[in-house]
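Dumping what TrEMBL says about this protein:
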- A:6-25: transmembrane segment (TRANSMEM)
- A:62-81: transmembrane segment (TRANSMEM)
- A:133-155: transmembrane segment (TRANSMEM)
- A:176-194: transmembrane segment (TRANSMEM)
- A:249-268: transmembrane segment (TRANSMEM)
- A:280-300: transmembrane segment (TRANSMEM)
- A:374-394: transmembrane segment (TRANSMEM)
- A:415-433: transmembrane segment (TRANSMEM)
- A:479-500: transmembrane segment (TRANSMEM)
- A:521-543: transmembrane segment (TRANSMEM)
């Protein structure tokens, strides 16, 4: 079998598996977020936290709860990183320096998992499992909770209430993420992912050299890194490391875990608004964009443009042999289409156009299917913009799911959309204006790509990197930290504001003039609006970077 | 006493962080460490460690290692691993890829007598292209196959010119420099566009010329496979391709005084196909193969 055929079968099996779980797993998540029964464990947790599980919140209170929880998480994690040498299992590592600790704390709290440090030489086991991995869970739950609050905004009418953040957070964590993580971790352990507390085993190699076989609670962190679309690796080289991703089938499992929740959430949307076909329309948009992107990445990588890939004969630099070019390309697309940012190969060494695809995926705003929760609310914002554009064409007040999209709604949606491109482009410009692009490993267009990639990744909360850039300087850590923070929480505030405004409305009955939002026409328009918005925003920057290099 | 709402929110947030840290940060991973100790899993969760014939720990089945002597030269009786960018090679405490881009074609030549930032003699930096060319030449020489590649000079550096035109980007060629060949080397082509090609003077700025890689007449499919000339993503890749193993068979057999057929048989025993027929790529585990060689065909003397 050729590499191409094998690569196509891999993609087909992933699609088939996601189609198979869409309904059952989506229905399960729907019951988790909409049921009103609390388990005993959950009641204990509510008492420990000190919240009233029955009290629903307005959008403002919901937003303040999200922000309070994230702020406390940030402070806690920062302190943890700064004090790691005083705690157990630090493996003798120093406290993390102030700017790297700030960057890392922001990065994990915002579900970005950008890594300005090298795991195996910076982080002790305790800070990995009780600091970083905890945020892998809860930052994912926050994303899903915000998406659910937005859906409640569409589903409810004449209501000030969007649910209770603490209840959503606890339920999503305990009923969705934790059971899947336990199951997934055991599967990964069978594949060879390590799970121990060893500080490393020194061995003499066959040739008479020395090697330290590292240890750590890797499986427990690896699984939630993928499932929560986080992406922060236990080790520097992330999912390329044989202890994080030992074999060809663990690679499949990891891609499936990344895609599982983001691709199933539209089912929750469909169920909650009472029309499953609305969920199908949203998932269709995600699937069209994702399949196109995965295919293009594979084509560009397998045809091997660029001088060095041609000299090599295949774009194998920075790729693991067990995955090969095709499975590495698919992983690269999957990790950047979601907001994961885990890597099993190094995008910096991709062919010029192959390396552009991860960048374009992130620029799409990570909506196909995007990060857990964040992808869905991002795409729903684009859907709002699409009905608005359609409404302008025919001169009608636009509406979506029976809710009028008026001036207030469009303001929230536009602000949401403008935040990340602004952060990414201004950040890139600032790096060049201040000379901080000098830390890029490569020069010329590729150097621009490295800087643009870093800011796009941080602003979109992806966290993958064109890794040939030194980012552990105070300037980079601060700038990217700000991008991650603003790129996460400003959009969340706008989404919740939009949700509050939608929930307050009374529904408008559908009429002959209403644009049906479940038909192929709307799916096509939404795909078009997404692509056109991205192209208009980012084409000039792309033309100076990867396009200049590749054409 | 009732707390103001904003303070109550933050108190709830703090308590939530602590509850989740205990549950997800301690209970969850530690339970899994316990599960990992079950028979059948323990071996894997401890790192898939392997021992040699004498019972000494020699590494992990999943982590590649170097088969070179103290000077970094390949030990010819062993199959060689892929190049590695992890520390000094296959260092699990310093995992890394090279992160060099697809158009990394121009070396920074060392300036004789100059010092780098740390006060050591300037060693320059090699482009990815030159690294690939050098590895190809060395692997070819070691195993007696043709080490030529497209865009490489016969001496194993990137075949790249800086071409200067009269009007900047256009017009007749006024000057051509082979940028990866320090003087007094003889450039890989004598002339380009009607002007003689110069060797490069280290430290001189050639940025006014157009970067022009020259394909040369190397075969489209080089004899040295792609994995033999590229560093992996992790720097710990435990595998090589069956085709890279194949070109090493004759040398390993000769060094061990064994028949190539016996070595080939061992290679085949340690070759895995794609997972379930379609996942990943066919590959050979180098450490396991070399251990099997030491057991079955120990080197004479």
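Backbone N, Cα and C atoms are what each Cβ position is placed from, and that goes for glycine too.
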Taking contact to mean three or more C-beta pairs under 8 angstroms, with sequence separation of 6 or more, is the transmembrane segment (A:479-500) in contact with the transmembrane segment (A:374-394)?
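Contact confirmed: at least 3 Cβ pairs fall under 8 Å.
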Please indicate, using numbers and ranges, the residues of the same chain that are 6 or more beyond the transmembrane segment (A:374-394) and have a C-beta under 8 Å from a C-beta there.
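Same-chain contacts beyond the flanks: 111, 143, 146-147, 150-151, 154, 262, 265-266, 269, 282, 285-286, 338-339, 365-368, 400, 405, 409-410, 413-414, 416-417, 461, 491, 495, 498, 513, 515, 517, 522, 525-526, 529-530, 533.
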Restricting to the same chain and to residues at least six past its boundaries, which positions have a Cβ under 8 Å from a Cβ of the transmembrane segment (A:62-81)?
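For the transmembrane segment (A:62-81), the sequence-distant neighbours (Cβ-Cβ under 8 Å, at least 6 residues beyond its ends) are 87, 95-96, 100-102, 104-106, 108-110, 127, 130-132, 135, 138-139, 142, 145-146, 149, 162-166, 169, 489, 492-493, 496-497.
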Take a look at A:6-25, A:176-194, A:280-300 and tell me which one has the most Cβ pairs under 8 Å to the transmembrane segment (A:521-543).
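The listed stretch sharing the most Cβ pairs with the transmembrane segment (A:521-543) is A:280-300.
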Taking a Cβ cut-off under 8 Å, which residues six or more beyond the ends of the transmembrane segment (A:415-433) line up next to it in the same chain?
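Cβ under 8 Å, 6 or more out: 363, 365, 378, 381-382, 385, 448, 451-452, 454-456, 458-460, 476, 479-480, 483, 486-487, 490-491, 494-495, 498, 533, 537-538, 541.
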Can you tell me which of A:176-194, A:249-268, A:280-300 gets the most C-beta pairs within less than 8 Å of the transmembrane segment (A:6-25)?
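Maximum Cβ contact count belongs to A:249-268.
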